[in-house]
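Down below is the structure, laid out as structure tokens.
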Amino acid sequence: MIYAGILAGGTGTRMGISNLPKQFLELGNRPILIHTIEKFVLEPSIEKIVVGVHGDWVSHAEDLVDKYLPLYKERIIITKGGADRNTSIKKIIEAIDAYRPLTPEDIVVTHDSVRPFITLRMIQDNIQLAQNHDAVDTVVEAVDTIVESTNGQFITDIPNRAHLYQGQTPQTFRCKDFMDLYGSLSDEEKEILTDACKIFVIKGKDVALAKGEYSNLKITTVTDLKIAKSMIEKD
């Protein structure tokens, strides 16, 4: 089975324009989270869309699904997320297992709730690649020169930009593989390894690159929100 896991566990309101976490802010005439879920509803191979939210916001998320996506709510599961990204993925996979016991071939397409401009092509590419590789990371080629500094004051290295990519989401992998690899980490490693695909990489797994889009914006600042609103208006 193919599942989607939407990471919507953040509670930050650092934009300072609302007391709502950013995934619940309005974009156009609907919350950002709803825009994101809608993209996954369009892919018929996805059995369930599991949304991991902070426990304080579970009821609110359920109300939004009832209001904006009543025809699709049977495909959507709202569950309590974890304290960080990887524990939220773990909680999402546990919710999938509760819905239907996991098989070794079950795949989850994980995605940031605040990337509402994901395309159907990106979702389908992730699913296709995950069937032949251990994991998939969605990326775009680095446009700006990236510099490295180990002390925050002086440049220690300028890597070759031709070899660099900017990570986005989705990140896709088999549910059981993630659970096994995450379970094998020490507590210290879990603190350091906040990116799911990095866990696969350090464990020597095959992580394929899926082509992202520069329009696959992650809305984390007021400027991001302004850009997203202009993109919605153009559509």
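The backbone N, Cα and C atoms fix where each Cβ goes, glycine too.
Site annotation (Swiss-Prot): CTP is bound by LEU7, ALA8, GLY9, GLY10, GLY82, ALA83, ASP84, ARG85, ASN86, THR87, SER88, and the candidate from SER18, SER59, SER113 recorded at this site is SER113. Secondary structure from DSSP puts LEU7 (CTP binding site) in a beta strand. Looking only at Cα atoms, LYS218 (site 'Positions ribitol 5-phosphate for the nucleophilic attack') sits nearest to GLY9 among the recorded positions GLY9, ASP84, ARG161.
By neighbour count, meaning other C-beta atoms within 10 Å, the densest spot among the binding-site residues GLY9, GLY82 is GLY9. Of the recorded sites LYS22, ARG161, LYS218, LYS22 has the largest number of other Cβ atoms within 10 Å of its own Cβ.
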